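If you look up TrEMBL, you'll see 1-22 marked as region 'Disordered'. Per TrEMBL, transmembrane segment is recorded for 58-86, 181-202, 239-257, 277-298, 305-322, 328-345, 357-382, 423-444, 456-475.
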Amino acid sequence: MPRTRAARRTGVSPRRGRASVPKMERARLPRVKTDFLQGSLEGKLGDFLLLFCYYPELTLYIALLHLATHFFLIPNNCLTVAYAILSFKGLYYSYFKTIIEAPSFMDGLYMIMNDRLTEYPLVINTLKRFNLYPEVVLASWYRAYTSTMDFFGFPTKMCWTINRGEGLDPVESCEGLGDPAYFYVTFVFLLNGAMMSLFFIYGTYLSGSRLGGTVTVLCFFFNHGESTRVMWTPPLRESFSYPFLVLQMLLLTYILRKNTMMALGISNIFFMLPWQFAQFVLLTQVASLFASYILGYLSPAKMQSVLVTHMISLAVCFLLMFGNSMLLTSFYASSLVSIWGVIALRDYLVGIFKPGLFTWVMQCLAWVVSTVILKFMLSVIFGASDDAHISSLIKSKFTSYKDFDTMMYTCAAEFDFIETETLIRYIKTMLLPINVLIVAFIAGRVKKKETLVQKYLVYHSLQLVAFAVLAVLIMRLKLFLTPHMCIMSCLICSRQLFGWVGGKFKLQLTVVGILSIMAVQGIANLQSQWGIIGEFSNFPQEELLEWVKDNTSPNAVFAGAMPTMASVKLSTGRAIVNHPHYEDAGLRERTKMVYAMYSRKPAEVVKQNLIKLQVDFFILEDSWCTRRSKPGCSMPEIWDVEDDENAGKVPLCTVMWRDSRPHFSTVFHNNIYKVLRVPKTVRDMR
């Protein structure tokens, strides 16, 4: 693509290709005994952080290596960035854009807390409804950075004009932290680069060996495509949230021996605030800890301390989210209370039943039943039904149950069962066989109860099983399973589990041999990922968005497919009535009314729905009418599940694509998109 460098330069030199990582000079590292599992480093929480002090070059190098793996993927075309950030990503980024473009930070904060563009005509507090704290923080940093640089006269970016040819208008492209998109994505990559240092510390702490930390990091790189999506879609909520889960689990591992609950609570908050699904992950953690308690590997006092910490963290998040009822009515919140009750009644249960399998079953049954009852009671009290679709989704996994909302999830590949190809990739990199071996050894020693180390190894094994169940049911959640498998892999270096192999040198030699086998497929996987180089291009959507900006009123209201609506809001600033945040019950109902265009209902019914929502324009996409990820998953087929009376008719979207009259008028049309004006009066049809 030819580039014409423009005269306007405001700073940093552009980078081309992949970011390079400077070679780390070999340093003489001090000898420090790091056999944590033997209790050699007793004392404060800062003990395991000695790794940062003694091996800063190594941890920094790992972080930079991960950062370099991703950094060259940052889009440097401002127009491309706006069009490429789709669905959830575009919706969340639009609030970052709102704050940085407002006259002041407080003005921007007020605008997103009194937003009328996202669910027109409703005025909503998006900071309450969505997980926007990452955008708020980054926007404040961006404003502070640009203001400081401008004050001192330092350049922050370099821009030039790109001549795209083929009759397309030139666009401006910028690099440097002064560019909003560049700034936003850079901090996402920095956070995930720092996460790799945590993985190294985690593996070292859990295995009692620096080689264990190396194994964890290498396993992550060898299975990179199964471990993260940050390199392709940086603004995902998990990109902000997951690094804090790694920190939280590392702290929890330490807490199972010590008492440092404050750090755990803070990491809980940082994990929950950016991501609406964090509560489900923490539910599996609490369940794994409860199982450890039932098996006798966690004392009642320790379990209750952890529960109180979770409760306080949840309460803080509830307040910071302006009373988001979805947090208090979740299975996670109910589970915390029910487990507390089961532990409180422990002596009563032991007095009635003899300790053993039957008591274990009774405690589990009491936990499940009380959690479900309490959850539905809280939902009734708060009048909340936002997470009702989660119960339906789980139900659909084990039965033939179907409804519109459930199929919107299950028809997407990421919410389907895990693919066989994923398991094969785990086997090729030896990740799955190694984890099966490790869990088998831990399970074999559970009955002996010989050492303290088994307490948190039992927890990690149960957590691995919980993540495996989630990943099997919902493929997207393999992003929790794969990294945890990488963490567990470090235990092949544990002399407490595999001391029978021989002396320290012999065990290390065995581990190096295993890593060599893993590297055969692992390096091939990395090369495959590095070989994916390209650019985003969607000229039909660009044409659509430019038409919207040039030919519609700033007060115009749009409806259409959820990903497209996020792009419309981000790139044009027009009001929309539906968006991709499908977790809200009211939004699901609004989206269902909009998506009636892709049903077989009469055109008049659909038109009245749009008029009721005060829609001015509907963006019709023929692909949404015809495509399907698997049999029964096209939009008309999804509608057939609930709309029996119109089954067999020609889908309305097909009719409208051919000729929108007399119910709508076509005002824009290309090979992908068709914009229909929704008439409010007969005059509007002319």
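From the backbone N, Cα and C atoms, a Cβ is placed for every residue, glycine too.
The highest tally of CB pairs under 8 A with the transmembrane segment (423-444), across 277-298, 328-345, 456-475, is held by 456-475. For the transmembrane segment (239-257), the list of distant contacts is 45, 48, 134, 188, 191-192, 194-195, 198-199, 201-202, 205-206, 228-230, 233, 263-264, 267-268, 270-275, 278, 281, 285, 298, 302, 306, 452, 455-456, 459-460, 463, 479-480, 483, 487: same-chain residues at least six beyond its ends, Cβ to Cβ under 8 Å. Counted over residue pairs separated by six or more positions, the transmembrane segment (357-382) shares at least 3 Cβ pairs under 8 angstroms with the transmembrane segment (328-345), which defines the two as touching. Cβ atoms under 8 Å from those of the transmembrane segment (456-475) belong to residues 206, 249, 252-253, 256-257, 280, 284-285, 287-289, 291-292, 295, 297-298, 394, 397, 413-419, 422, 435, 439, 442-443, 446, 481, 484-485, 487-488, 491 of the same chain, restricted to positions at least 6 beyond its ends.
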